[in-house]
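Chemist: So Swiss-Prot lists these for the protein:
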- Arg48, Arg54: NADP(+) binding site (BINDING)
- Arg125, Ser126, Ser127, Asn238, Ala239, Gly278, Lys293, Pro294, Thr295, Ser296, Ser297, Arg319: FMN binding site (BINDING)
Amino acid sequence: MAGNSIGQFFRVTTFGESHGIALGCIIDGVPPGIPITEADIQLDLDRRRPGTSRYTTQRRELDQVRILSGVFEGVTTGTSIGLMIENTDQRSQDYSAIKDVFRPGHADYTYEQKYGVRDYRGGGRSSARETAMRVAAGAIAKKYLAQKFGVQVRGYLAQMGDVSCDLLDWDLVEQNPFFCPDASKLEPLDALMRELKKAGDSIGAKITVVAENVPVGLGEPVFDRLDADLAHALMSINAVKGVEIGDGFAVVTKRGSENRDEITPQGFQSNHAGGILGGISSGQPVVAHIALKPTSSIMVPGQTINRQGEAVEMVTRGRHDPCVGIRAVPIAEAMMAIVLMDHLLRQRAQCGDVASDVPRW
């Protein structure tokens, strides 16, 4: 499996499986002298971890992170940072019934075909449990971005099923289990979740991530454009089936006179491009949206096959999220932060002494 790393200057490599002993990651490229503690990382891990509300999987993992290397006396040393989280609440017996059966909509069939073997316990490496280490690495990136550049990366639930949430109050996002910024939608979201639980079904979601105060100039045309790397990173999150930058697919129905972000001496007049022009950050907020499919681990019977190719009807048992989009907010934030930090370090290496007379806002 060769796809376990992301980034060039800020490089994150993760390892571990859903029901293995532990999850871990190695982070290379972190500059020395950054104050960082396990408590700093834990803040974001607690936002992602399971079992924190009745709306998510009841697998109760504490997700306590341990810093194994790269930090001495509370600051980064510039060497590789090693992080680890132990798995403590596995119930592998829940998955014994699917040892020889391929769950429809999951990676069971493709992993078996590719590798000839698979860890069926909770999906193994294909499980979203792996994203805990992304969030841990992203917490370090977010702290560096905030301290050194004033960059703030935040996300929210933009839609779940037919319930759309307007960005009305950033503070509200951290005050409810849905990461919803619209108080008027909390009751409809609760009703939808109760309906799904009763039906044994699941639902999809849309998450929006915004990075503010991003410096001008990030991105490496042509193949490592900032939007291309963001799409790559966000698309790598489990269950993500679509990524939009700025207005995304809405541009299909727009005319050029509507979609272009006009500029005056006071700055940009709009941000349809999502803060990226020609693959390079413009200094405006970087905005991305992701669509997450409804989880296939549901109580509704479905058709599949076993290893012998025989038809099987199955119900997926175990502890699962009725909407994976709820806990995806901190994951999406982490992936955007990882990409931004990587590009900031790349920009500093090549163009750190470039000076332009063109105004910046």
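Even glycines carry a Cβ here, placed using N, Cα and C.
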Chemist: Counting other Cβ atoms within 10 Å of each Cβ, which of the binding-site residues Arg54, Lys293 scores lowest?
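Modeler: Comparing Cβ neighbour counts within 10 Å for the binding-site residues Arg54, Lys293 gives Arg54.
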Chemist: In whole Å, how far does the CA atom of Lys293 (FMN binding site) lie from that of Arg48 (NADP(+) binding site)?
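Modeler: Here the two Cα atoms lie 18 Å apart.
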Chemist: Under a three-state reading of DSSP, tell me whether Arg125 (FMN binding site) is helix, strand or coil.
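Modeler: Helix, per DSSP.
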Chemist: Taking the Cβ of Arg125 (FMN binding site) as centre, how many other Cβ atoms lie within 10 Å?
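Modeler: So the number of other Cβ atoms within 10 Å of Arg125 (FMN binding site) is 19.
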Chemist: Using the alpha carbons only, what distance in Å do you get between Arg54 (NADP(+) binding site) and Ser297 (FMN binding site) once rounded?
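Modeler: On Cα coordinates alone, these residues lie 17 Å apart.
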Chemist: Tell me the Cα distance separating Arg48 (NADP(+) binding site) from Ala239 (FMN binding site), rounded to the nearest angstrom.
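Modeler: For Ala239 (FMN binding site) versus Arg48 (NADP(+) binding site), the Cα atoms are 15 Å apart.
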